[in-house]
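Novice: The domain 'Aminoacyl-transfer RNA synthetases class-II family profile' annotation in TrEMBL covers 1-320. Among the features that TrEMBL reports, L-histidine binding site is placed at Glu80, Gly81, Thr82, Arg112, Gln126, Glu130, Arg257, Tyr261, Tyr262.
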Amino acid sequence: MINIPRGTQDILPEDTKQWRYIENKLDELMTLYNYQEIRTPIFESTELFARGVGDSTDVVQKEMYTFLDKGDRSITLRPEGTAAVVRSYIEHKMQGDPNQPVKLYYNGPMFRYERKQKGRYRQFTQFGVEAIGAENPSIDAEVLAMVMHIYQSFGLKHLKLVINSIGDADSRKEYNEALVKHFEPVIGDFCSDCQSRLHTNPMRILDCKVDKDKEAVKTAPRITEFLNAESTKYYDEVKQHLDNLNIRYEEDPNLVRGLDYYTHTAFELMIDNPNYDGAITTLCGGGRYNGLLELLGGPNNTGIGFALSIERLLLALEDEGIELDVEDDFDLFIVTMGHEADNYAVKLLNELRHNGVKADKDYLSRKVKGQMKQADRLQANYTIVIGDQELENNEIDIKDMATGNTEKINLDEVVAYFKKKE
Ligand code: HAM
């Protein structure tokens with residue numbers, strides 16, 4: 001037997017209904033905020049992520065599915081959506097669109113070669129948004145409000161929004177220098193990743209899972225002390241909007257995020273349930289990326305966005321015991337007795353379906369009792385039994401499965417009966 005690859009999953013029919021429900025709800029919410037859907041390829045040039053996400057990040061260094069195609073081009077299965085959406089924005093010159101900012105959302109599979117655990121997959125489905133072309137604290141606040149709205153609209157309550165500002169490039173330059181100075185004397189005690197990042201990307205040390213409890217991490221200088229006046233003002237205004245919107249948040253100066261493109265606002269939404277027993281608590285993450293467009297050869301427009309995985313949203317729903325109101329009704333199951341009746345049912349089904357009625361019949365020559373059981377399993381709202389007598393008299397009993405009541409109608413009026421119910 002050939003098994004499914006590690007870190008991937010089949011989403012079976014009983015679960016695809018939940019996925020569809022979630023995805024439809026997300027589509028609906030996006031219309032409220034005036035975001036339009038964009039679909040980009042599953043694979044891109046490796047260089048896009050190496051440059052956009054950053055050469056020294058875990059994602060680029062360890063987690064990408066990269067291969068040479070038959071034309072010897074280095075191709076990567078997308079590990080995230082932002083770099084690809086920004087590429088598309090630049091390629092299609094969306095900065096020329098009179099509707100600014102350009103507000104986009106996407107939903108699709110992403111790939112990261114990570115250690116598999118609950119809530120962490122090698123193929124996962126990210127829903128994300130990017131608002132490109134406005135640098136205004138109110139759009140940062142809109143994106144944060146949208147994150148909360150999304151999770152709350154599924155009934156989730158145990159949520160914690162954590163925010164930080166990692167400032168502009170100038171603030172970060174000074175901060176990085178201070179971090180190097182701070183960690184240099186003790187770097188020998190840190191993991192090899194941190195050692196190699198000290199001079200390329202010292203902020204990553206604050207994010208290291210291996211060294212997170214080291215004293216030097218706890219006593220490290222904080223970005224908030226290095227924000228210049230402009231960055232502080234921007235951050236204060238974002239927080240002021242959140243306060244006005246009554247959105248509760250916690251500030252964490254060590255929240256630096258794992259991808260290199262962030263500037264100013266950075267945030268994560270966490271599960272905040274004391275009884276939650278999983279290791280993964282981050283549901284969603286995002287932030288502002290002011291230099292990314294230029295880095296990828298575009299205009300100096302700025303953007304902000306976030307992404308969540310549907311897998312982790314489902315995990316949070318499970319944790320809070322929330323069942324989605326997945327509509328699962330089925331109109332009619334036709335029970336047949338004998339060859340003639342079955343032939344009649346084939347034609348009747350065809351007509352019913354063309355008139356929008358969800359209907360089915362037996363295909364395994366089950367006895368009547370077995371067919372009734374099948375109708376129950378399908379949770380059919382109605383059943384009819386067709387045999388020789390019904391065919392001859394053009395009359396059948398239509399049974400309402402919820403009440404058990406039956407009604408006599410003409411066999412050739414079954415379609416009309418359901419049409420009337422609409
Ligand atoms: P990220 O923090 O790398 O950010 O991922 C965002 C979300 O994707 C995570 O919070 C989590 O829900 C989900 N996720 C990531 N890796 C996995 C995995 N292996 N299995 C399941 N879920 C996963 C980004 O990707 C940025 N592009 C977000 C962004 C958009 N920033 C600005 N715009």
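Even glycines carry a Cβ here, placed using N, Cα and C.
Note that the structure is a prediction, hence the values are computed from the model and not measured.
Are these features on the surface or tucked inside, and what touches them?
Specialist: Non-local contacts of Glu80 (L-histidine binding site) by the CB criterion (under 8 A, 6+ apart in sequence, same chain) comprise Phe49, Val53, Val59, Met110, Gln126, Gly128, Leu259, Ala307.
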Novice: Count the other Cβ atoms sitting within 10 Å of the Cβ of Gln126 (L-histidine binding site), across every protein chain shown.
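Specialist: Taking all protein chains shown, Gln126 (L-histidine binding site) has 22 Cβ neighbours within 10 Å.
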Novice: With the Cβ atom as the reference point and anything under 6 Å counting, tell me which of the binding-site residues (Glu80, Thr82, Gln126, Tyr262) are near ligand 1.
Specialist: Glu80, Thr82, Gln126
Novice: Per DSSP, to which secondary structure element type does Thr82 (L-histidine binding site) belong, with helix, strand and coil as the options?
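Specialist: Going by the DSSP assignment, Thr82 (L-histidine binding site) falls within a helical segment, counted as helix.
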Novice: Just checking a number: largest C-alpha distance across Glu80, Gly81, Thr82, Arg112, Gln126, Glu130, Arg257, Tyr261, Tyr262 for the L-histidine site, rounded to a whole Å.
Specialist: 21
Novice: With an 8 Å cut-off on Cβ-Cβ distance and a minimum sequence separation of at least 6, pull the same-chain contacts of Tyr262 (L-histidine binding site), or say none.
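Specialist: In sequence order, the residues whose Cβ lies under 8 Å from that of Tyr262 (L-histidine binding site) (at least 6 apart) are Ile166, Val256, Gly287, Arg288, Tyr289.
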